[in-house]
């Protein structure tokens with residue numbers, strides 16, 4: 001069973017690489033944003049509660065996201081393994097995730113830290129053409145990501161294999177580096 005945490009700044013290629021990993025290793029890709037939207041769309045109790053926060057423009061509390069994640073990881077499609085994208089973002093979330101996984105008798109196999117230079121990320125995001133992707137906003141998002149991700153990586157340093165991948169080259173070249181690391185786990 002391969003259980004992966006995927007950490008990377010906006011624009012480093014997490015989505016592209018996650019899709020390739022999901023396909024090759026037959027593991028479920030769990031993105032917290034998608035999970036929230038799915039719970040809301042399905043009208044689950046957790047989804048209704050999350051929607052009440054979102055409708056007020058508030059952040060959905062960690063405890064609610066954790067509960068959704070626990071329900072999600074228990075599903076049959078996670079029995080072969082899973083990949084978490086966008087979670088955990090903080091030490092508190094990482095500790096809660098550890099508690100969940102321990103209760104289910106699961107372990108994190110690896111944490112993939114995918115990175116690129118600020119210049120490359122800014123260039124990629126500006127080319128993406130989203131309304132909220134301007135240089136100042138991107139730099140702020142990168143600073144927030146950097147401040148949050150380093151402590152999470154430190155937390156996992158003695159709990160799982162940390163795989164550092166520089167996101168330079170074609171998506172296929174980057175994936176070849178990831179696959180080489182995952183195949184020895």
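Positions of Cβ are set from backbone N, Cα and C atoms, glycine also.
Database features, via Swiss-Prot:
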type: BINDING; residues: 11, 12, 13, 14, 15, 16, 128, 169; note: ATP binding site
type: BINDING; residues: 32, 37, 58, 59, 60, 86, 87, 88, 89, 93, 130, 141; note: AMP binding site
type: REGION; residues: 31-60; note: region 'NMP'
type: REGION; residues: 127-133; note: region 'LID'
Residue numbers, six or more beyond the limits of the region 'LID' (127-133), whose CB comes under 8 Å of its CB atoms: 11
AMP site span - longest C-alpha distance across 32, 37, 58, 59, 60, 86, 87, 88, 89, 93, 130, 141, in Å: 28
When distances run from the Cα of residue 130 (AMP binding site) to each of the binding-site residues 11, 12, 14, 16, 169, the nearest one: 11
Secondary structure at residue 15 (ATP binding site), reduced by DSSP to three states: helix
Top Cα neighbour of residue 15 (ATP binding site) in the set of binding-site residues 60, 87, 89: 87
Same-chain residues at least 6 apart in sequence whose Cβ lies under 8 Å from residue 87 (AMP binding site): 5, 30, 32, 65, 69, 93, 97
Residues near residue 128 (ATP binding site) in space but at least six apart in sequence (CB under 8 A): 11
Alpha-carbon distance [residue 89 (AMP binding site); residue 16 (ATP binding site)] in Å: 20
Proximal but sequence-remote residues of the same chain as residue 60 (AMP binding site) (Cβ under 8 Å, at least 6 apart): 36, 50, 53, 54
Counts of helix, strand and coil residues, the region 'LID' (127-133), according to DSSP: 2 helix, 0 strand, 5 coil
Max CA-CA distance, Å, over listed ATP-binding residues 11, 12, 13, 14, 15, 16, 128, 169: 17
C-beta crowding around residue 12 (ATP binding site), within 10 angstroms: 24
Within the predicted model, mean pLDDT of the region 'NMP' (31-60): 90
Binding-site residues listed as 16, 32, least Cβ neighbours within 10 Å: 16
